[in-house]
Amino acid sequence: MDYLPIFCQLQHKACLLVGGGEIAERKARLLLDAGAALTVNACSFTPQFHEWAALGRLTLAAGEFSAELLAEKWLVIAATDRVEVNALVYQCANQQRVFCNVVDDPKRASFIMPSIIDRSPIMVAVSSGGKAPVLARLLREKLEAVLPQHLGKLAQLGGSLRQRVKKHFSDIGSRRRFWEKLFAHDRLAQSLANNDVALAERQIEQLFSHQPQECGEVVLVGAGPGDAGLLTLKGLQQIQQADVVVYDRLVSDEIMTLVRRDAERIFVGKRAGHHCVPQEQINQILLQQAQLGKRVVRLKGGDPFIFGRGGEELETLADANIPFSVVPGITAASGCSAYSGIPLTHRDHAQSVRLVTGHAKSDGGLDWSTLAAGQQTLVFYMGLTQAADIQRQLIAHGMPAATPVALVENGTSCRQRVIEGELSQLGTLALQAASPSLIIVGSVVSLRSKLNWFSSQEPSQPLAQMA
C-alpha cells in the first residue's frame, strides 16, 4: 500500500491554495465543501474566485507565492500552470512540515487527492496512487451510477437511531438484522428520496414494532456462468446479507469470496451421475435452515430456473409456507456463447434457439425431428456423457453431418476452452472436454472465427514487466 487512505476534518482549519485558474477552482470547491478556512494565492483569478471572495467564503491573496503564506496553515495545494512555482510551494511546505499536494505531480506531494463520490456522510474515495488517474475517474463514474443520491439521508437516519436501536434490541444479532432491514427497505429509501418525512417516520416505527420473525426466508440466486463480474447487483446484495449460503460446484471461487465473511457456507456440490448431496436432502437443508429463522441464499451457477432444479426446491418451501424469492442469473447458454463469439441467433443463420438438457428423465424423450430442423441453434446443458447419442440422433433425423458444433468448457472464466468441429465429430470431441461444458450446435458457430473477442489465456508474466 503506497498511500494510507485517511479522511481529514478540515472544518475551520486554515488551508492555502496556490493558483487561480480553472484547475485551482475545482480544488477550491472541494476545500470549501469540507469547511476549510481557505486562502487563495495567485497573480490572477477566475470570476468564480472573486464571487466566492465577495460572499466571504474565502480570502484572496494576490501576487507571487511566498513562504510566509504557509504560516499556521494546515495544508496547501499547488495548482498553478508554472512548474517552478509548484516546486517552490512543495519545497517550502516540506520545510515547514505542512501537508502539500501538487496537482498532477505525485512525486512532489505529501498527500494526493482521490476521486470522490460524495453522499455525505457516506464518502467513497478511489485512488490509483497517481499511476492511472483516468482509471480512477472511470471507477468513480461507475460507483456514482450505482450509489443512489439519497444514500446520505439514509446514513444520517441511521446515525440518529443508533442509541434507540441499542436500547430496543438486547443482542447484536437482532441489531444487525434491524439495520439490514432498515438499509434494505426500498419503500423507506423512496420516502427519503421524496423528502416524505412523515411516511418515513411511520415506516421506521413499523420496523421497531415488528415482531421477531419465527421463520426465516430463502432467496434463490443465480450466480451466472462463472465470471464474477456477471453476478447481478441484486445477487451480490443478497449474498452479502445472508446468514447461510448453500452452494454447488458451479459457483466460482471468485463469487464465493464476495459472500459475507461470517455467513455459514454449506456445500452441496453435484456432478452428473454422482450426486454429492441428494436433491431431497438439499431441499431439507433449505427448509431446516429457514425454520431456524435464518436468511438463506441458495446460490446456483447460471440461472436457477434453467436446468437448475430451482423450481423443485421452491416447491418444497412453498409446501411448508416458507417465504422465498428469486434473483435470476445469466444462464450458461448466454454467457458461454457471448464469451465464445457465438451469437445464439443471427438473421442469416438462426431465427430461434433451443435450450436442451442432456440429462432428461428416462421417460422424457426429446423430439429429435424438431431439434434437427434448420435455421435454429441448439444448446445442450450437461451433455458431455450423451454427446455421441446427440450426434447420432440429430444426424439420423436429418441434420447435416457437417453442421458446425462447439464445446465450451469452463465458460466465461480465465480457464475457458472452446473446442470446434462438425456434428459428425461431436462424440469424439466430447472426450477432449471436461465438465462443466456446454454444447452449441448450429451454423452460428461458424461466426466464431470472426466474432471471438475473449482471450482466456492469463498473462505468463506481470503486465508491469511487459511494458
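Note that Cβ sites are derived from N, Cα and C of the backbone, with glycine treated the same way.
Annotated region 'Precorrin-2 dehydrogenase /sirohydrochlorin ferrochelatase' per Swiss-Prot: 1-204, in sequence order, evidence recorded as sequence analysis.
Listed in sequence order, Leu135, Ala136 are the same-chain residues at least 6 apart in sequence whose CB falls under 8 Å from the CB of Ser128 (phosphoserine). Positions annotated as phosphoserine by Swiss-Prot: Ser128.
The region 'Uroporphyrinogen-III C-methyltransferase' annotation in Swiss-Prot covers 216-467.
Swiss-Prot lists Asp248 with the feature active site, proton acceptor, giving sequence analysis as the kind of evidence.
For Lys270, the entry in Swiss-Prot reads active site, proton donor, with the evidence type sequence analysis.
For Asp248 (active site, proton acceptor), the number of other Cβ atoms no farther than 10 Å from its own Cβ, over all displayed protein chains, is 20.
Mean per-residue pLDDT, taken over the region 'Precorrin-2 dehydrogenase /sirohydrochlorin ferrochelatase' (1-204), amounts to 91.
Taken residue by residue with DSSP, Ser128 (phosphoserine) is part of neither helix nor strand, so it is coil.
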